[in-house]
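Structure, as structure tokens:
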């Protein structure tokens with residue numbers, strides 16, 4: 001591609017003209033049309049805007065540096081003009097230092113680069129008949145008003161070629177390339193035009209000039225204000241229409257105008273909002289089922305026998321629990337956990353099991369139906385063959401191509417930025433850096449765990465362990481609760497701080513890796529960022545779910561962490577309620593923080609900018625200067641929006657067994673997120689450079705990996721974190737003979753039979769509590785259900801038969817649940833094709849038309865040319881025969 005551009009389309013690429021040969025932009029005064037999108041002549045459309053500060057009025061740099069910057073800018077602009085672009089410069093209304101360079105691409109340049117970039121353009125209107133869905137009448141209620149945003153006409157398309165110009169659907173040359181396509185072509189040129197050469201290395205591209213501060217901004221224009229239509233009657237005012245029909249809060253229950261979003265912002269923005277809308281719609285079903293399971297738990301909590309025994313003063317009131325830490329902790333009464341046991345009954349119920357199985361199937365349906373929807377969008381938005389045909393090499397990659405290798409397929413030399421050995425070294429370094437930072441995240445999690453272990457001692461010594469007081473707060477603020485809440489808040493703060501650091505680290509590592517295309521770059525960055533975020537966000541949840549309270553020993557022989565801190569114990573009902581608290585704090589706090597960061601901060605910055613601008617001038621401000629004072633979108637575009645939603649997807653699926661309301665919270669958040677993101681893009685940010693995207697990239701396999709992992713995590717949460725399996729084993733086996741004393745299956749006696757007994761005289765001096773036990777009690781119960789033989793038994797303090805039955809039941813449950821759900825997932829994946837028959841028919845029809853219109857015309861030209869040659873030959877033969885006859 002670079003060779004092709006050098007030889008044909010960019011004849012001046014790599015050449016720096018002399019000072020006297022530099023071309024300069026036309027200078028124009030501001031006209032009286034603030035909403036104008038054209039040059040001063042009113043004919044040439046503004047496709048891009050470059051903004052720089054007049055070097056002669058700069059005071060922050062040395063004079064020699066200012067001259068160098070001016071020289072680079074002048075060379076760059078001259079090369080832009082040499083490449084066929086037309087430039088017009090206008091001084092700012094609000095700040096005399098700023099100069100706006102407006103860029104226009106003529107018809108010839110657009111045609112040339114449309115062919116180079118393999119851009120698909122309309123051949124003829126789509127003539128395939130579409131059947132209305134059975135639910136069409138229902139969906140019409142939620143569609144955008146067609147009086148505001150009209151449906152886009154569909155076309156069959158083909159890659160543009162100038163020699164086939166007559167075959168394309170051209171009604172007007174000025175509108176054949178829509179503004180988004182024009183801006184994309186111009187940005188392609190801006191990214192590849194040279195401005196300097198140093199040590200035989202070419203420096204080129206608008207991105208480097210922006211990084212160096214030579215230009216302050218580069219962006220395409222919004223076509224109007226979002227508050228009112230353009231004063232130009234020929235302007236479609238698409239930004240205003242998008243705000244009215246999409247970004248306005250009143251549209252929160254409306255479907256999105258995806259085709260119109262794609263037309264204005266490009267396929268990359270369109271595919272994000274299509275995915276987010278599809279995900280949100282699928283969450284409706286999950287939220288309804290989750291709320292149903294939650295209500296089931298609320299309705300049945302009063303029938304929870306084991307919770308009633310905990311709260312019963314004759315049962316739980318007579319059970320004295322062993323201290324939860326060494327020396328400073330005292331004995332306590334089981335009834336102090338009465339309130340938490342009632343709450344636990346809501347989440348640790350049979351409905352939780354049903355919901356976990358349902359979510360394992362739901363996530364498969366979501367991913368499979370999204371593949372179908374994505375295939376439809378790939379066809380409708382002309383991205384089916386995008387990666388193979390259109391995607392260009394990144395300018396940063398091109399600039400480093402100094403090594404020559406032999407292509408095994410073409411057997412021709414090609415330039416690459418590094419040798420095979422160099423690539424191996426880079427990959428080794430990048431992998432090591434990723435592992436190092438992940439280990440650093442794990443170290444921060446260990447620090448939070450150490451905090452939990454150490455602060456629990458403080459809370460245990462300060463907070464009363466008995467219900468003898470009159471303060472109601474003592475019933476709720478137990479040492480476990482206080483430790484859990486404060487640790488969750490600290491964990492959330494640490495997560496937010498580490499996020500800021502790891503964003504920059506991931507970008508630096510990916511830049512050093514030097515991917516070839518923008519898609520490769522984003523996929524590589526996506527993988528690194530998700531690995532960081534996965535460990536950062538989920539590690540504390542994994543600790544509570546699968547490690548806390550699992551390796552604690554028993555009161556006479558506790559297990560110590562780092563040789564100093566006694567391992568944490570769960571409540572008698574397990575750690576499920578604590579996991580729910582952790583999830584609620586992280587998910588809720590994350591949503592609030594992201595909205596403040598993404599919406600409130602840009603709004604405040606723009607508000608300050610508008611007031612300062614209004615104070616400086618009362619003149620009307622042209623469209624390009626209004627857009628300049630909006631916020632830049634950033635190099636990574638919607639990367640962080642994707643990351644935010646996929647992290648949320650992980651919380652909704654990985655730990656949903658402990659928090660069935662997670663889909664409902666995600667649904668509410670996403671309904672707001674769609675409109676907030678739309679409002680932000682439409683009103684607070686400059687217009688993004690339209691970009692192509694075939695799919696959601698690396699996020700698709702990441703979500704598939706999360707879906708597979710979610711089945712295992714939910715099965716393990718039910719088995720090891722909740723108390724469901726021990727209760728079932730007791731109900732069916734140990735409540736009746738030969739192990740139990742009841743005549744029929746019951747949950748009565750569950751608490752008394754599962755809390756192991758420990759003799760207080762067996763405490764070691766290092767862990768023996770200072771405070772005496774209750775009355776004349778010589779025994780206490782272990783906090784966790786460790787199921788050990790009582791003192792005096794030949795195998796005292798060893799695991800009893802009940803323990804091994806429970807372990808066997810847990811393992812069996814995990815195996816059965818995983819295999820059943822994985823089998824159902826496989827069947828669903830097999831039965832739902834990735835591409836619908838309707839989409840296949842459209843693709844075949846388009847290929848047929850392309851072959852008919854383009855290739856058959858080539859044959860006609862060949863036949864016509866061959867016919868002329870044949871006629872000339874025949875004429876020549878006839879004339880020679882005549883000469884001989886004469």
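Keep in mind that glycine also has a Cβ here, set from the backbone N, Cα and C atoms.
Curation does not apply to TrEMBL; its annotations are automatic.
Mean pLDDT for the domain 'Anoctamin dimerisation' (38-258) in this predicted model: 86. Positions annotated as domain 'Anoctamin dimerisation' by TrEMBL: 38-258.
Positions annotated as domain 'Anoctamin transmembrane' by TrEMBL: 261-846.
Annotated transmembrane segment per TrEMBL: 272-299 (among others), in sequence order.
Positions annotated as transmembrane segment by TrEMBL: 350-370 (among others).
Under the heading transmembrane segment, TrEMBL lists 435-460 (among others).
Panel annotation: around the transmembrane segment (481-502), residues 340, 437, 441, 444-445, 447-448, 451-452, 455-456, 459, 463, 529, 532-533, 536-537, 540, 578, 581-582, 585-586, 589-590, 593 of the same chain, lying at least six beyond its termini, place a Cβ under 8 Å from a Cβ of the stretch. Taken from TrEMBL, the feature transmembrane segment applies to 481-502 (among others).
The transmembrane segment annotation in TrEMBL covers 645-668 (among others).
According to TrEMBL, the feature transmembrane segment maps to 696-720 (among others). If one looks beyond the transmembrane segment (696-720) by at least 6 residues along the same chain, the residues whose Cβ comes under 8 Å of a Cβ in the stretch are 271-272, 275, 352-353, 356, 359-360, 363-364, 367, 374, 519, 522-523, 526-527, 530, 545-546, 550, 576, 579, 642, 646, 649-650, 653-658, 810-811, 813-814, 817-818, 821-822, 825.
Look at TrEMBL and you will find 801-832 (among others) tagged as transmembrane segment. Within the chain carrying the transmembrane segment (801-832), a Cβ under 8 angstroms from the stretch's Cβ atoms is held by residues 356-357, 360-361, 364-365, 368-369, 372, 707, 711-712, 715-716, 718-720, 725-726, 728-730, 733-734, 739, 753-754, 786-788, all 6 or more beyond its ends.
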